[in-house]
Ligand code: PMP
């Protein structure tokens, strides 16, 4: 069988400005990066607190490798659950105020694993239509009746919940939406979910580290406990600056995941040295609140400047500050023009976002300076064209 068909599909994708290509990052993450041999200012990482290249974390990774070796060597249930993993799980449980936490190798796997351990074809899953792909994929794979509700719309969720007689009802939402930057209305979502006898699962990949006085994310921001959010997911590759993810919740939840989450059971544990480094990272996330304060200063400076230039921003108080452009071709043009000015910002296009809502996904990090933000605004003024 030939691959001509695939070639044709790829060509069509290219013609529609939807082709995805990888770039070669030749430096650590940071405000200034080297991409394909070119140095520039970056506003496209999820390293929100500027920890991915922090000296204390690098040293902890080295120390962890000395103590535990490099590879996990086996799955958690065979012989790959090291004391580094265990200590990190205990620290994450304490920090999130939950009895237990369970580590996964990636956030994608945490979401797939948790959803599929909790529900099957006897059940129903309700998802915000802008949820991350890993949540949507997890729901589809589960075989449960799959329903999407309107973005952050509690009434839309309530109506769907009222119409189901499923055994279990799992409501799933991003905490901070990854492509829009807005925060889910967790108090209201939790109230209607509990009223319907369901469980609320929150993936706060982008909220942990950034929101809440101690970086405890959306649940700390709203002051929600385990009764309101019984299934809480966080990732470690973003504000934590390392890699992996965790699910936090009750004893029964975590034991159920250990028994049934296939993406937990059938995979090698994350390198223990990464878990060890993440213990150091957790201390910085919790204690160095100046990083969150700095982010908020940068975000305010950007929003004020970009609005004054006429750009359409989204209703986001978080380090994810998309500029809405519209057409994929125009988003690509601006992203390329910015790159010609030495500024890297990703153009996000369908199917990651709905058609007609292509955007520049500007993300800030505590390692940026105010001068960096002013450089960005200056370049936007020159090359960007606000939406008519
Ligand atoms: N959830 C959300 C909301 C995300 O944005 C991402 C990553 N982009 C993930 C989960 C997946 O996490 P990981 O990169 O650790 O697989």
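Here the Cβ of each residue, glycine as well, is placed from N, Cα and C on the backbone.
Remember, TrEMBL labels are computer predictions, not curated facts.
The candidate list 318, 352 contains one residue that TrEMBL assigns to the substrate site with 20, 132, namely 352. Matching 155, 235, 242, 256 to the pyridoxal 5'-phosphate binding residues that TrEMBL gives (107, 108, 178, 206) identifies 235. Highlighted here are the binding-site residues (20, 108, 352) whose C-beta falls below 6 Å from ligand 1: 108, in sequence order. Maximum C-alpha to C-alpha distance over the listed pyridoxal 5'-phosphate-binding residues 107, 108, 178, 206, 235 is 13 Å. Neighbour counts of Cβ atoms within 10 Å were taken for the recorded positions 20, 132, 206, 238; the minimum is at 20. Least crowded of the binding-site residues (178, 235, 352), judged by neighbouring Cβ atoms within 10 Å of its own Cβ: 352. In three-state terms derived from DSSP, residue 235 (pyridoxal 5'-phosphate binding site) belongs to an extended strand segment. Maximum C-alpha to C-alpha distance over the listed substrate-binding residues 20, 132, 352 is 18 Å.
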